[in-house]
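As given in TrEMBL:
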ACT_SITE  713  active site
ACT_SITE  756  active site
BINDING   390, 391, 392, 393, 394, 395, 396, 397  ATP binding site
DOMAIN    44-239  domain 'Lon N-terminal'
DOMAIN    626-807  domain 'Lon proteolytic'
């Protein structure tokens with residue numbers, strides 16, 4: 001049974017009547033007798049109702065929105081307040097005629113009319129007698145029809161069967177009210193206080209949750225006993241449904257298993273969502289369940305997945321957490337749990353792949369082949385964690401792709417440059433809006449296997465902030481003893497990274513956290529010699545540019561001499577990125593000539609190179625250090641490779657002050673001070689006039705002052721420059737040096753030797769002075785890099801001066 005509400009005639013909406021309005025009492029037996037004595041008029045204005053059937057004696061509020069209905073109510077309210085109320089056959093009909101309404105309706109009296117704020121009219125009416133529509137009298141301004149009264153057949157005064165039916169209706173009504181949580185308990189008071197059997201049947205029929213056609217059938221049933229029996233049947237059906245529902249709920253609470261409980265709740269939610277106009281996510285969840293069956297995960301992961309899927313089933317799709325949970329489960333299903341690609345153990349093929357894509361880099365290639373060889377003998381070996389460090393443009397990142405191809409594995413690259421949030425590595429916790437896994441887990445999802453070649457690019461450029469230190473988060477990733485249970489905050493489970501081959505790249509090791517550096521196998525990828533760059537240009541760079549610009553090998557030819565001209569005159573780098581850009585300019589020039597159908601020489605000459613690229617951009621002068629006292633060539637290491645630098649020193653009248661310029665760091669300034677003090681203490685040995693230190697100021701400068709410089713490598717270079725200045729002697733031609741000095745005149749070893757030697761070769765240096773302890777670094781360098789160079793190994797500063805400074809005075813030497 002349903003609590004009666006206000007049924008909207010025109011828009012089916014419901015509204016609330018003022019709670020302070022005067023209450024209308026239930027119909028009594030005396031009221032019913034008075035109504036039966038009333039004579040019906042011959043015709044009545046007809047008010048069609050949507051979704052509502054009025055029964056005699058029952059009071060209901062209705063809302064009228066159609067102009068005809070409002071006019072009918074207003075005129076009737078000003079007159080005798082009597083109208084005819086009939087249910088529509090089709091609720092969608094907005095202007096019903098006599099064919100659109102049922103034949104049997106109820107005469108109603110208007111009890112109260114209320115004007116609503118939205119412009120509609122609410123009227124409270126009470127049913128009186130049933131009638132049958134005869135014929136239409138008029139349609140405007142509203143429907144008016146002639147009517148005939150429908151007599152009600154009542155049972156004899158004493159009819160035990162009828163009385164039993166009425167008692168059953170009362171008892172069943174009270175039981176339904178008690179069992180249904182949606183019906184207020186006050187309704188039982190109304191049922192108990194109804195005296196008239198006819199009104200009881202009408203009251204219950206009006207308030208049952210029945211379709212309009214069923215209620216109309218009850219209204220049209222003329223025999224009261226038959227109508228009461230039909231009403232009782234409908235009530236029994238409703239009570240059975242209510243009992244079944246309550247039994248199911250009780251069974252859910254007490255007896256149903258967890259699986260049955262989840263199913264029942266899910267069915268209820270599905271029904272609720274459909275009622276609310278939502279979309280059921282049952283098909284999506286079922287699809288997830290089917291996908292999970294094909295995953296190769298262990299029992300722990302399977303249990304966790306089912307638990308999280310159950311959470312998703314219980315969630316309302318409208319809440320924000322639903323999308324997070326769905327994304328979480330999608331990630332769970334997309335990850336390649338225990339799925340591995342098959343390694344290719346053909347070592348000769350792997351060597352060919354590595355040689356095809358990269359020229360040189362023998363140390364890296366040898367390490368990859370060694371790993372493949374061991375993996376072939378022992379399949380359960382943990383993957384190595386390599387760190388390739390060296391200047392930009394030497395092929396560190398692209399080498400990772402070649403390694404993946406040689407192994408037959410998937411390739412994933414993650415750039416770590418500028419990363420400052422720990423959550424980028426470990427992921428965000430699911431509680432946050434927009435939460436997502438870290439880059440490691442995302443990379444594995446993209447790869448589709450659990451053993452890809454995973455390149456961590458620019459690992460030396462990680463930053464830290466108040467959001468955490470990403471390099472510390474990488475400690476777990478890059479530790480072979482821990483990464484078999486890598487914990488991502490979003491995933492909330494350990495993921496096995498032990499089969500992943502991590503290759504990190506860096507330009508410098510100095511900015512990498514020591515604990516992180518200790519976990520990786522460091523491999524130096526140094527810069528290329530001019531000869532190597534020529535080979536790389538011929539084998540890789542030029543064919544690539546020819547292909548990208550739509551040309552063929554027949555359209556352009558660059559000889560070795562022209563390639564060397566480009567390398568020496570237009571690039572200054574350890575790698576080959578600038579070289580590739582210059583080659584692209586040359587190829588574009590040829591492409592333009594072909595497109596414009598201009599005549600050109602297929603073989604590009606050196607003069608044509610100058611015409612295309614302009615005058616040489618890079619000048620390396622090393623001859624000036626022989627004609628001017630105090631100018632010496634040093635070797636330096638930078639993040640982009642090795643380079644040469646000049647140390648200049650001059651004297652001016654003064655009181656022995658030392659000035660140092662050239663944007664130098666603290667260590668270089670200290671080296672200059674050490675060199676000056678060492679010379680003062682050994683002036684006689686170096687044939688230096690001691691009066692210089694009190695009568696002249698000394699100024700040391702390192703050109704290219706816009707570039708910051710620091711480090712101990714220029715110690716012996718500064719001391720040589722000062723001795724040359726004080727003695728006005730020439731420094732040997734085409735010689736460079738690098739090394740740290742002490743106050744005792746000892747020469748100490750420095751780093752970056754290979755890069756410095758490459759810089760020396762690019763600058764046509766012939767001789768190099770190094771500390772004796774750096775001899776081992778030279779021995780590790782390929783002989784091809786050392787061709788044309790002569791090395792002097794020293795331990796004392798006096799040895800440096802004997803080698804570097806000649807007995808010959810410079811031109812226009814000063815007398816000091």
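In case you wondered, yes, glycine gets a Cβ from its N, Cα and C as well.
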- request: Between residue 391 (ATP binding site) and residue 713 (active site), find the distance joining the two CA atoms and give it rounded to the nearest Å.
  value: 18
Task: Find, for the listed recorded positions 397, 713, the residue with the lowest Cβ contact count at a 10 Å cut-off, counting only other Cβ atoms.
output: 397
Residue, out of the binding-site residues 391, 393, whose Cβ gathers the largest set of other Cβ atoms within 10 Å: 391
Statement: Rounding to whole Å, the Cα atoms of residue 390 (ATP binding site) and residue 713 (active site) are apart by 19
Message: I want to check the contact list for residue 395 (ATP binding site): same chain, sequence separation of six or more, C-beta distance under 8 angstroms. What comes out?
response: 358, 361, 525, 575, 576
- prompt: Should residue 397 (ATP binding site) be counted as helix, strand, or coil on the basis of DSSP?
  reply: helix
- request: Starting from the Cβ centroid of 390, 391, 392, 393, 394, 395, 396, 397, which together make up the recorded ATP site, report each further residue of the same chain whose Cβ lies within 8 Å of that point, ordered by sequence.
  value: 388, 505, 507, 525, 574, 575
- request: Report the same-chain neighbours of residue 394 (ATP binding site): residues 6+ apart in sequence with Cβ closer than 8 Å to its Cβ, ordered by sequence.
  value: 361, 525, 526, 527, 528, 574, 575, 576
Message: Out of 390, 392, which of these binding-site residues shows the lowest number of other CB atoms within 10 Å of its CB?
response: 392
Nearest-integer angstrom distance between the alpha carbons (Cα) of residue 393 (ATP binding site) and residue 713 (active site): 25
